[in-house]
Structures are given as C-alpha cells and as structure tokens.
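Report on one structure; see the data block that follows.
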C-alpha cells in the first residue's frame, strides 16, 4: 500500500505490476445542492472505486448488463477520480515528469462511468500504463449524467448551472493542473481522450468560453464525437426543462423544488422521454452549438496535436428495424427548433426522406445520423486543426459505434488472448500521448505491421486524404468517404441559418 500526501489529504494506492492505482479519489464534492458547481473534497481515499453517477435509461441498441449494474450502484455523491501511476513516476518525482492521459467516457451523456466494465479491463488504466512502459499516467473520472448533469434552458441559466457535467469535467482538468505534479505528472503534457459523448465533451471544451480560456490539455484524441444541436435555448430547450420539472412534480416551481425533490422522483422523470441531453448553449460557457462556434471562430487555437477518428458504421446501431422515412423526418423535426421548417425541408430533400428511393431506409437513417451527430463534428474541428491532426477510420468487421473502445483499452493479460491488431492500434495512441506524434513510438515489430501515418490531407477536398483505415488485416491509407465536405458544409450552413433565425448569433 502506497500513501501519497496531496495538499488536501492523504491518498492510498494499491499496486499491480509496478503501477500504483489510487481509486475513488474524492476529488469533487456537491455541498450546496444539485445543479451547482462542485468543489474539491478533503476526504481521503478508501481504496474502493466509489459509486457511479446516476444514469438515464439505456440507449436503444446499446442495452448492456453493465448499465444495469450502474443503475443499482449509482449515487448522487459520485464525483470520484482514479489515478494510474507508474512506480518510477513516484520514485523519481524530482526528475522527468510524465505525460498525462485523461479519459472522458462516452454513453450519450446519460450512461457510463470511469469503471463501468473495469472487470473486463475497459477504462482500467493499468494496461495502458504498462503498454506505455511506465512512460505515462492515466486518469479516469466520473461526471454527472442525464438530467442531473445536462439540464439547460433559461431557468437553469438564471437559477442553476447548465451543463453541470461539463463543469465536472473541467474541474478534473483543473485538478490535474494543480496536483498531478505530486504524482510525477507533467501538467504541460496533458492529453484529453474521449469517445462518443467523451469525444463530444472534448470538442465542447475546445469551444468553451468562446475559445479564450485554456481547456488545460495540449493534445487530444477525439473518437466518434457525439453532439446534438439544441440551438433554441429559450424555446425548445427551456420547454424540455419545464417538461422534466412537471414530470418530477415541480411544474412552475423553479429549480428550488427540483433541488428539494426526492431523488427517486428525478430518476423517474428522467426516464420518461428526457429528450436531447448533452452540451447545450447557455450564453455563457457554450455560446452556440459546436459547428456554429467553430464557424464563428470561437475555439481554442493552441492545441499541439490531435487524433480524430470514427468507426466504419457510426449511425447503424441507432436506426431501429422499424424505422421509416417518416420517423427519420421526425428525428430532424425533434432535433431542430419548431421555427426551422426550411432547414428541415432542405435536409429531407438531401436525404431523400420525402419519397421512396433506391436506398434502403436503414441505409438512409444510418447516413443521416452519422452526418448529423458524429462525422460532421469531425469535419468541423478539422476545418481549424487539419495541419495538426491525424484522421482514422476504424473498420474491422465493418465496426459499429463504440467498438474501437475495446481496441483502445485492450488488455492482453486480463483477456488472456493476444490480438496483435489491437496492440499496434494502441501503440499509435500511446505514442501520440507521449510524444505528440503517433508514429514516433508505434510498434514496428508486430504483425500486422503498423505503417507511417501522415497528417490529414487538404481540408478543402471533398474526401479527406491520408486517413488511416484500420481493418482486420492491418492498416492502410484511404480517402475518407464518410466525412464529405459537401455534406458537412450543408449542415454547417443550416445550423448557422437556424441560429441566426432564432436571434442567437447576437446574444
């Protein structure tokens, strides 16, 4: 057992093969009630992982036993952090400081935790530290979810804290800035890694505060970044808050009633069609939806290097077997403000939703959701960071959303199986975290062999060149036909038009 003194208390850690794992660091506390900013907690670590945050309902197509366990174990007091530190970092703290990886998990802003599937090695930092040969520190953490983490709207703006989950994440990056040197880490070499909601969160930190506040990381890995487009914060977003309050028995009574409500009331209310959940414009931290902020120049300009990736099939798992052209039109109408009829009609034409076509409904829906929620976010961040970015498509067995997480967190000793493709894949990411370049430390003595990975090609091209395609047989460079310029230009234009139409560009 190792005990480390931080400035606010003692932290205990267990050790596994030279990696000290300090779990359930009580980094943040919620002393003043719900939907407020958290603060550092002074309690000491007790060696357990700590409870996860209260989730929303399972996402269609992603039901999993681990989510059921999360629902049973979850508590409001959930803001804990796990630090995986190689022994050499603690023994040699006066010498070389190590790069730090901070993982932001996905789950649609409604599900997930830092140790959701820890038994299978998912989000277990021991393996990554060992694969990095002790040359990196890994941090994982919880953040508030569902209604408790992402309610927004004008009532929240006036009485509470919109995007509380995003503030929780920011507090962790501040903790890393303030304390990671005591664990042998280098606060100037922090990499933010995230998938799905985690990737969307990282993009939101890049545009937060109109891009004038340091997000506290220099490198980023953004995998399948998921973001909705809740533009109308005074209209549909506020109506979402009112509907939630009504279901919780607090209609017309403001946030004070919700803060006093029994947690079971809030959980039940969040399970009944909560609607869009995730980073939402609040007029303060997030000025606009991500694509609009990028177009307006509201982004942090001083990142050193990024890896951006998507899987072969992002949208497919979100399209039900009973989907119709009408239900896909309903997806657009429910995500855009009610006044955005022209934008919706334009997209209905673009995706052939008004009349049957030769393309199957499932294929249309998959493409629509892919573009709207995932890949056009990739095109948008690359508009500003193409000269510092590496682009990847993860394609083994025509991979669907989330499957690349298993490759990133691959643990050969825990899984009792060797998957060389996953080992090579990991080496790109760890090389990037340690050096800023995925090529420097990539595994060259492995089969299938890794290959040189150049930065992404001309951002003005319809298809992005130099995309590293990860397939069952290895790696190759392709032109990416899923992040199309014409498609994403259309989406960005329409989001700008709708934002302006609602009167939000001048707010």
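Think of each number as a place in line: the chain as shown, counted from 1.
For all residues, glycine too, the Cβ spot is worked out from N, Cα and C.
The active site, acyl-ester intermediate annotation in Swiss-Prot covers 196. According to Swiss-Prot, the feature N-linked glycosylation site maps to 262, 321, 358, 416, an assignment based on sequence analysis. Positions annotated as signal peptide by Swiss-Prot: 1-21.
Locations of recorded Swiss-Prot features on the structure.
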residue : record                               : Cβ within 10 Å
196     : active site, acyl-ester intermediate : 28
262     : N-linked glycosylation site          : 10
321     : N-linked glycosylation site          : 7
358     : N-linked glycosylation site          : 6
416     : N-linked glycosylation site          : 7
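Residue 358 (N-linked glycosylation site) sits 18 Å from residue 321 (N-linked glycosylation site), taking the C-alpha atoms as the reference points.
For residue 416 (N-linked glycosylation site), the nearest neighbour among the recorded positions 196, 262, 321, judged by Cα separation, is 196. Of the recorded residues, residue 196 (active site, acyl-ester intermediate) and residue 321 (N-linked glycosylation site) place their C-alpha atoms 22 Å from one another.
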